[in-house]
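Structure record follows, encoded as structure tokens.
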């Protein structure tokens, strides 16, 4: 007897009340997309949990993929048997025997959801625990801190046995909170912001500002590689690559050096907001962390934000750099982010940027420029590619067929 299914627990989704089924269906669809390489599996779901029937598929690679699906609190390999005491005993014993149990401790934790079952939970604990002890060697009982917790759940459709919980990615299923545009540079912070945004259920489309010849094709490829890492958590992601050279040069030539960074960020936000409207997004996500650099002081963010009424979400706002780096390493974006290819945010960085810019002065400087046609041109010439975890990338036209 082998594990024949994986039991999935929802966690935060259980608080969603009448809307829970919307979240559960989205999670099922996200899991099905993630596991499409395993055609024999079958996914069954109910209000409080989900089951993946393996039907002969190997569980190890499936477990690895489930760890990156948002909306899963935890999951366990499981066996199912009839609501019969003898069958439950043998199933629990088989589950323990598939583990390296010798020299370990265990306990049995039974839960009788089906109140028609003739044995109480404590009686099941005793009966099954005694059977396991009789049929194994070098395994002892520890009810307080066991190495192995044999969980038995008697439900109306059958009894489920698990022995080991694996923590999932948590959060909410991607797509349940709407769509947002992620302003993605080649640095450490913005990919982490994208990851955390998806963890809260957002579908993201990435926007990258590309300034050739000052930034190279290698810098562009670096961003594509970062997006591909994020697809492990969110599925296919659109990447919008904005030609930004003319806008950036106009600002650099027409705005005093200490204010150029603020005006550049304002232009980026205007373009991103226009792309958001075109793509029917509801918010913009950035990798800003309060006080980390000159453009991320509260005064700077206030002046930059003035160009839009769209919600600007900043998942990293209270994190320090070391916390951000730790997450970047966990999601495998760190080593790509530190590759030495400059992005548009670094090539025209002023020596002494204003950390407390005045909105009136920014507006005065920008009034001397005719940026609107350049912004419109950048929006119209934006290149869109679709990046997938498995398939790599395709341009938007190809991706439609």
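We count from 1, first residue shown onward.
Even glycines carry a Cβ here, placed using N, Cα and C.
Binding of ATP is attributed by Swiss-Prot to 183, 184, 208, 209, 265, 296, and the same site annotation extends, among 175, 254, 287, to 287. Packing around residue 184 (ATP binding site) is summarised by its Cβ count: 29 other Cβ atoms lie within 10 angstroms of its Cβ, all protein chains included. Each of the binding-site residues 208, 265 was scored by other CB atoms within 10 A of its CB, and the lowest score goes to 265. Annotation for residue 183 (ATP binding site): spatial neighbours 190, 207, 268, 269, 272, 284, 285, 286, 287, criterion Cβ-Cβ under 8 Å with sequence separation of six or more. The Cβ neighbour count for residue 296 (ATP binding site), using a 10 Å radius over every protein chain in view, is 21.
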